[in-house]
Structures are given as structure tokens and as C-alpha cells.
Amino acid sequence: MSFLRDLRDRDFEQLVVCRDPATGLESVIAIHDTTLGPALGGVRMRSYADPEDAVRDAMNLAQAMTYKSAVAGLELGGGKSVINAPADSPRRDDLLAAHARFIASLGGRYIPGADMGTGAADMDLIARYVPRVSSRRDPSRFTARGVLRALDAAASWAGVPVRRVAVQGLGKVGSHLVELLRARGVDVVVADVDASRVRGLDAVGVDEILAADVDVVCPCAAGGVLTEAVIDRLKARVVVPGANNALAADADAAMLAARGIVFVPDFVANAGGVIACEAEVKGTDDAIEAKIDAIGATTESILERASRHGTDPLTEARSLAARRLSTHRPYFPAGDATR
Ligand code: NAI
């Protein structure tokens with residue numbers, strides 16, 4: 001099976017495929033890397049047409065979590081899990097409980113949090129089975145604060161005044177971001193598939209938002225939205241995603257650079273949430289805001305390196321993560337996978 005080869009090629013530590021016939025649970029827990037600490041990442045709940053898509057989604061998201069925590073300087077590894085079921089399943093609580101028991105069997109190597117389809121109340125349920133759980137408080141406002149810091153740094157790097165910003169998706173992150181931008185007097189244009197969320201705001205159709213005539217675009221809905229066709233139509237000179245894995249393919253980072261568009265990799269821009277989650281599991285809120293505000297300086301340094309090396313920001317952000325991983329002693333000593 002090709003994803004087994006993927007595990008080796010992409011240096012994955014562990015992939016757990018779970019089934020519980022009693023509840024009908026089918027889920028996946030992907031642990032990409034625990035060099036820096038236990039793998040923290042959300043529990044995504046949605047249905048996938050093909051179960052292998054669930055595996056791939058979990059793997060892609062787990063790998064991005066490794067980069068995200070490494071670049072943000074956290075003591076966390078990268079992981080993610082996916083429950084292949086609709087978020088409004090009538091057996092939702094049973095599925096979450098069964099999934100939680102599988103997480104517990106990993107002895108602390110994976111720390112779950114909220115993601116698409118799950119929220120703080122679900123984390124309370126999971127915490128009945130798993131000792132360390134994050135996102136029992138919603139991290140979205142911290143995520144939005146970090147996206148704003150990345151946006152400021154990227155716009156200033158590009159010499160673009162931030163007068164008008166397009167936000168795709170007015171969920172937890174998008175709505176906080178819109179609030180922060182409007183509080184500064186920035187014009188905001190929005191779109192959401194759920195029309196009730198855009199009421200009272202300057203809204204355009206979901207097919208138009210990414211090509212809007214604005215200074216900055218912030219995709220804050222699903223991943224994979226920055227396709228070649230979309231990049232061709234972009235009018236903004238700066239793109240700062242709140243959404244995970246916003247690029248449809250890695251090569252699209254080079255395409256953005258070739259078009260002179262300044263792009264901040266999502267795992268750099270949206271790290272505010274995981275920064276808040278680290279604080280939550282460590283039980284201290286002391287350094288949260290300073291760490292989130294440092295996303296600005298990290299963004300600037302990544303953009304500066306990409307320009308100096310003639311590469312693109314995705315390449316530079318990944319090599320920053322790789323440098324941190326290569327100089328760190330593994331959190332779980334050899335022979336003791338569950339410290
Ligand atoms: P959410 O589920 O609260 O909001 C997503 C919003 O996007 C919803 O309002 C939905 O109706 C809308 N939407 C879906 N498809 C759309 C489309 N094609 N066009 C326009 N709108 C569309 O999710 P949340 O928590 O706000 O997360 C958004 C993104 O940010 C996700 O990719 C998530 O993985 C990522 N993220 C979220 C973090 C957080 O703290 N919540 C942390 C880091 C990343």
C-alpha cells in the first residue's frame with residue numbers, strides 16, 4: 001500500500017488505524033514526530049468517501065503539526081487524528097469515547113485537541129479516558145492573533161499597506177480575525193458557505209473571495225484551496241492562511257513566489273492555537289502572548305531567507321523546523337516510547 005511507503009519516506013513514527021465494531025468507529029491516529037515532545041494535534045471528525053483519504057488527511061495534518069510546533073519553538077511533537085464519521089453522527093459521543101480509548105492506549109505519545117468537527121465539550125468527554133487533553137478552552141482567538149502578527153510582518157515586508165483584507169470562512173478563526181481587523185479600521189470582505197455567518201458584513205460569493213481586489217487574502221476555511229487556478233487569479237499581493245495545509249500542492253509555494261506574491265506558510269501563521277494548547281497542557285499562561293507575537297519576527301526571518309536564497313517561504317519554514325529537530329535530543333528516550 002502506498003501510504004506505507006509514505007510512512008518511511010516522510011519519516012513517520014507511528015500510524016494507528018482503529019476500528020471498534022461495537023460503536024462503528026473507524027479512526028486514524030498519526031504520530032509524525034516526537035523529537036521535541038508528545039505529539040499534539042486535533043481530532044478531526046468528518047466523513048471521507050474513501051477510508052484511505054482519512055489516513056492521508058491525518059498524515060498530512062500530523063506532519064504540518066511537527067513543523068508548526070518546531071517553528072514556534074514549542075516542546076511538542078506533531079500528530080493528528082481523524083474520526084471517519086459525520087460531525088452530526090447520532091452516535092457522536094460513543095465514537096469519541098471509543099476513539100479516546102485508543103488514544104489512551106498510546107500512553108501519552110499523542111495529546112488530542114479540537115479540530116474541524118470537534119470542540120471544547122468533546123475534549124471534556126475525551127478527558128474522561130485520556131490524562132492530557134488540550135483545547136478544553138477554545139484556542140481560536142489565539143490563532144487569529146497569530147495570523148494577524150504574520151499578516152502585519154508579511155505586508156510590511158512586501159511594502160503593502162493593509163487597507164482591505166479578504167477572509168474566506170467565518171468560523172472560529174475567521175470571525176476572530178475579522179473582529180481584530182475591523183477594530184483597526186481595516187476594510188474586510190468575507191465569504192462563507194453558511195450565509196448566516198456573513199450577515200452584516202461586506203460579503204462576496206465563495207467562488208470570488210480568493211480573487212477579490214484586496215491587499216491581503218486570508219483563507220480561514222478548508223485546506224487545499226490555493227490551487228494553480230486560484231493562484232493565477234489572485235489580485236492580493238500577500239496571502240496569510242489561518243487554514244491548515246492551504247496550498248493544494250507544495251509546488252504552489254514556488255508559483256506564488258514566481259508571481260511576486262508574498263505567502264506565509266500556514267504552519268507559521270496559524271501557530272497561535274498550538275501555542276495556547278501547549279500552555280494549557282503545561283498549566284501556565286505566562287508566555288502565551290509573547291510567543292504568539294514572535295510569529296511576526298519568525299515570518300520576517302523566513303521571508304528574508306527565501307529572498308536571500310532565491311527559494312520560497314515554504315522551503316525556508318521547513319528547513320527552520322528541520323534545523324530545530326536535528327539539534328534536539330529525542331523527548332522519548334530510545335526503548336521508552338511512553339515517558
Ligand atoms: P470552523 O469550522 O469554525 O470554521 C470554518 C468556516 O469555514 C465555517 O464557517 C464554514 O462554513 C466555512 N467554510 C467551509 N467551506 C468554505 C468555503 N468553501 N468557502 C467559504 N467558507 C467555507 O473552523 P475553524 O476552527 O475556524 O478553522 C478554520 C481553519 O483553520 C481550518 O482549516 C483549521 O484546521 C484551521 N485552524 C484552526 C485553528 C483553531 O484554533 N481553531 C488552529 C489552527 C488552524
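Positions of Cβ are set from backbone N, Cα and C atoms, glycine also.
According to TrEMBL, the protein carries these features:
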- K80: active site, proton donor/acceptor (ACT_SITE)
- G169, L170, G171, K172, V173, G174: NAD(+) binding site (BINDING)
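According to DSSP, the residue listed as 'active site, proton donor/acceptor' is assigned to a strand segment. Neighbouring residues of the recorded NAD(+) site, listed in sequence order and excluding G169, L170, G171, K172, V173, G174, comprise S140, V167, S175, H176, L177, D192, R197, C220, A221, G242 (Cβ within 8 Å of the Cβ centroid).
Taking every protein chain shown into account, K80, K172 are the recorded positions, and of these the Cβ with the most other Cβ atoms within 10 Å belongs to K80.
Cβ environment of G171 (NAD(+) binding site): D192, R197, C220, A221 lie under 8 Å away, each six or more residues apart in the same chain. Within 10 Å of the Cβ of V173 (NAD(+) binding site) there are 27 other Cβ atoms, across all protein chains. Spacing of G174 (NAD(+) binding site) relative to the residue listed as 'active site, proton donor/acceptor' is 22 Å (Cα to Cα, whole number). Long-range neighbours of L170 (NAD(+) binding site) (same chain, six or more residues apart, CB within less than 8 Å of its CB): V178, V190, D192, D194, R197, V198, L201, C220. Using a 10 Å radius centred on the Cβ of G174 (NAD(+) binding site) and all shown protein chains, the other Cβ atoms total 27.
Rounded to a whole value, the Cα-Cα separation of V173 (NAD(+) binding site) and the residue listed as 'active site, proton donor/acceptor' is 19 Å.
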